[in-house]
Amino acid sequence: MVQILSGKAVAQKLKQDITVEIDILKSKGVIPTLGIVLVGDEEDSLSYANSAKKRCETLGAGCNIFKFPAGINQDDLEKKILELNENRDIHGYIIMKPLPSQINEKRIAEIIDPAKDIDCMTPKNIAKVFAGDNTGFSPCTARAVMEILNFYQIPIEGKRAVIIGRSMVVGRPLSMMLLKQNATVTICHTRTRDLAKEAKRADILIAAAGKAEMVTKDMVSPGTVVIDVGINFKDGRMVGDVLYEEVEKLASAITPVPGGVGSVTTMVLLKQLVETCRK
Ligand code: NAD
């Protein structure tokens with residue numbers, strides 16, 4: 001019988017821990033407050049920001065959305081970021097992507113204060129993830145995957161983990177986090193020669209390619225733990241990168257979409273907000 005790795009249960013546990021931490025911080029006169037930088041009127045970003053604000057408020061944290069026009073130039077946006085670094089009322093902030101084409105994202109990432117960089121955009125925090133140093137922050141989605149594996153006590157040490165996707169927000173940092181827990185890690189991507197063969201070798205298979213239902217039964221060995229990071233829309237419904245109906249019959253455990261990794265990601269952001277406050 002396949003084990004469903006519900007993200008909601010993980011999020012619930014994180015929520016309890018975060019609420020305790022927020023109460024402690026509040027008793028010391030600190031209200032942990034998240035900043036969200038929004039450039040332009042992109043609907044998805046706006047709705048993410050509004051729902052993150054609501055979630056903060058439910059937990060007793062603060063949230064300020066800093067909205068700038070789509071036509072803002074590099075210098076002005078950099079000034080705003082430097083102001084956020086100095087703003088003592090904002091403990092951590094994230095910058096919604098994509099940024100407009102006139103903005104050099106790399107230069108923006110370089111000036112974020114690493115102590116407020118709770119979604120791990122700065123070179124300093126990224127380097128820490130790659131060095132196996134836990135003193136910085138991790139990209140929230142990659143950490144959400146680790147939170148799920150650890151919550152359900154999925155053995156990682158010595159296991160063969162195969163990740164499909166090598167982005168800087170999911171695949172690559174996740175490979176380092178799994179390596180830190182002593183997995184043997186393979187990263188697959190669009191140029192991988194025999195993806196099905198690589199995937200079939202996995203004890204833990206993580207799909208983070210952004211391709212609807214691309215992981216089929218031919219790519220999964222019986223007993224595999226399958227983590228689906230993908231969020232795609234197909235025929236008007238949300239689906240992952242895994243063809244769930246097929247793969248759940250083979251997997252020993254699997255995350256659903258929706259209700260899997262995505263449910264944990266925002267809680268991880270708030271956990272990192274509280275962590276930076278404590279520091
Ligand atoms: P991305 O497009 O930046 O990277 C995708 C990676 O997958 C690339 O490295 C590419 O080489 C690889 N890839 C693409 N097609 C492939 C194929 N056919 N075979 C092998 N490799 C392939 O995407 P991303 O930002 O890393 O996001 C990946 C997925 O995760 C998306 O569906 C995204 O919506 C989702 N996501 C979910 C959350 C969450 O909270 N659950 C957060 C961020 C991203």
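Numbering starts at 1 and runs along the chain as displayed.
Here the Cβ of each residue, glycine as well, is placed from N, Cα and C on the backbone.
Residues or ranges marked as NADP(+) binding site by TrEMBL: GLY165, ARG166, SER167, ILE231. Every protein chain shown contributes to the tally, and the Cβ of SER167 (NADP(+) binding site) ends up with 17 other Cβ atoms within 10 Å.
Per TrEMBL, the feature domain 'Tetrahydrofolate dehydrogenase/cyclohydrolase catalytic' maps to 5-119.
According to TrEMBL, the feature domain 'Tetrahydrofolate dehydrogenase/cyclohydrolase NAD(P)-binding' maps to 139-277. Applying DSSP to the domain 'Tetrahydrofolate dehydrogenase/cyclohydrolase NAD(P)-binding' (139-277) sorts its residues as follows: 52 helix, 28 strand, 59 coil.
With GLY165, ARG166, SER167, ILE231 listed as the residues that bind NADP(+), the site has a largest C-alpha separation of 16 Å. Over all protein chains present, the Cβ of GLY165 (NADP(+) binding site) has 23 other Cβ atoms lying within 10 Å.
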